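As given in Swiss-Prot:
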- G26, P27, E28, S29, S30, G31, K32, T33: ATP binding site (BINDING)
Amino acid sequence: STGSLGLDLALGVGGLPRGRVVKIFGPESSGKTTLCLEAIAQCQKNGGICAFIDAEHAFDPVYARKLGIKVEELYLSQPDTGEQALEICDTLVRSGGVDMVVVDSVAALVPKAEIEGEMGDSHVGLQARLMSQALRKLTGHIKRTNTLVVFINQIRMKIGVMFGSPETTTGGNALKFYASVRLDIRRTGQIKKGDDVIGNETKVKVIKNKVAPPFRQAEFDILYGEGVSWEGELIDL
């Protein structure tokens, strides 16, 4: 389960599918990490073992606890390079000992050559190549061990686009092809209590779905410090 009733319905299989790669992308502060943390909490409730690869070095254990995550039972890794992060992900998946791995985020998977290089050096296509190699290797193991792997990705703007969408995600096209489910998450409005903003109205579109019909969408509220509002969803349903 994703922690959102509406999104579980939109996904068509009652939540995120096991043995698959899932990509969640959206602008900054749209609720990508919150959605993943909610899914981890649900997975743990069902006795699952979860891992969080925090390439952004931004994991907040206090917030995670508020969302119902047993932090002491969560495998947490904060790798230094993109290679290290993907190697850890592959090792966890191959072990067959974890049910769900979250990588936060693809944009933060910086290749070693880029970290060790000079500021002005050109590293065109390095990250895309890294992702492509890793996913080719990973998908077989994911299928075999029936692990769910979720990649979080940010949206960037392409410069000088005249036609079509100027939005793009980092890390090349490999993830688009290898992901069985792609979720586009957006903040559509604010939730206020008096003058105070207490949360965000959120919309998730299922852009790609290989396990059920795609293009469904769900709307729900994410409250600051609390996560997805179950009550709000029940009332809406």
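Placement of Cβ uses the backbone N, Cα and C atoms for every residue, glycine included.
In this structure, of the binding-site residues G26, P27, G31, the smallest number of CB atoms within 10 A of the CB marks P27. Using the Cβ center of G26, P27, E28, S29, S30, G31, K32, T33 for ATP, the list of other same-chain residues with Cβ within 8 Å runs, in sequence order, Q154, I185, R187. Counting only same-chain residues at least 6 apart in sequence, those with a Cβ under 8 Å from the Cβ of T33 (ATP binding site) are A58, D104, I152. Cβ-based neighbour count (10 Å, all protein chains) for K32 (ATP binding site) stands at 23. Classification of G26 (ATP binding site) by DSSP places it within a strand.
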